[in-house]
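Here is what Swiss-Prot records for this protein:
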ACT_SITE  269  active site, nucleophile
ACT_SITE  353  active site
ACT_SITE  355  active site
BINDING   47, 240, 242, 270, 273, 311, 313, 314  L-glutamine binding site
DOMAIN    192-379  domain 'Glutamine amidotransferase type-1'
REGION    1-188  region 'CPSase'
């Protein structure tokens, strides 16, 4: 027998559906993701902390879940506060599957709802903007309780989540990407890169390792002096959740590294925004953000278009860029900034996710550019 569930939006909209995860309640900012696949990677992406993720593709869970496809680093954890889908298939099938999506959600205590009109929900979020919401799952639940909890959630503006989503102890990383029939590879490592962990995705670390980087991953609040004492060949700024402007410790550390050294610096997602803020620019909250694996982005220098993975609710405000920041990429959906490069330092960043997971690999050459900067600096 199915368990009822309710999704309430702060504007008063109510959706009634079926629970497919843990019973209880959860709140967060409701966003929509247009990726057709990769639901496990999305759920375990730390960038989704404090968010209720709506997947617009109607059938979610076809291929089940496994231990390998997690993006939450050494600790297998679901970071999304909740999941919202249209339909959960009765059967799951894949040679790598270890359990169903419903079993996975219950195991990780994730409150989730299915059997609602996700097209209607997506239109609301697109037109009105991302808004706070609540999922209630269980018997004897009420719309009034769900709505009250949705309106009580504080939102993401001004919220520093990077220090909460990083590994507090730091760690070393040497593992490369997964290959069919081989599993995860062990590449030859030629460079030492310190990676700031603001909520880093596992596949980012693997793609850096694929290119010869031995990674020392440090917590978000690590001072610049400690990073420089490690004598790295380059510094990486990871993705992560929350409001970048609230991460004053990260902004200060990156500013010190960029302004006082010539170390190559590469930032992704939140790391992109941190580099911009450290260089004197400002960021802004977006209407409904970019979440998906089919976002077109133009490379302004080459005039080419890339299909990218995106996951962010804040953006760099191009009108505030200082003279030493050059715009390199721009979204073809809404014209927002997607990439910058310092003109006076070997530092650059990209708003989207070149590591994909899930999504296309059109932007993978950005990792190669980072290696080129490291090679040039070592000469």
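Using N, Cα and C of the backbone, Cβ positions are placed for all residues, glycine too.
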Residue 269 (active site, nucleophile): nearby recorded positions from 240, 314, 355, Cα cut-off 10 Å: 240, 314
Most distant Cα pair in Å, residues 47, 240, 242, 270, 273, 311, 313, 314 binding L-glutamine: 13
L-glutamine site, defined by 47, 240, 242, 270, 273, 311, 313, 314: further same-chain residues with Cβ within 8 Å of the Cβ centre: 239, 241, 243, 244, 269, 312
Three-state secondary structure, residue 273 (L-glutamine binding site) (per DSSP): helix
In the chain carrying residue 314 (L-glutamine binding site), residues 6 or more apart in sequence that have Cβ under 8 angstroms from it: 243, 244, 273, 283, 284, 285, 286, 289
Residue 269 (active site, nucleophile): tally of other CB atoms within 10 A of its CB: 32
Predicted model, mean pLDDT over the domain 'Glutamine amidotransferase type-1' (192-379): 98
Neighbour tally for residue 47 (L-glutamine binding site), based on other Cβ positions within 10 Å of its Cβ: 27
All-chain count of other Cβ atoms within 10 Å of residue 313 (L-glutamine binding site): 22
Three-state secondary structure, which DSSP defines for residue 47 (L-glutamine binding site): helix
Helix, strand or coil at residue 314 (L-glutamine binding site) [DSSP, three-state]: strand
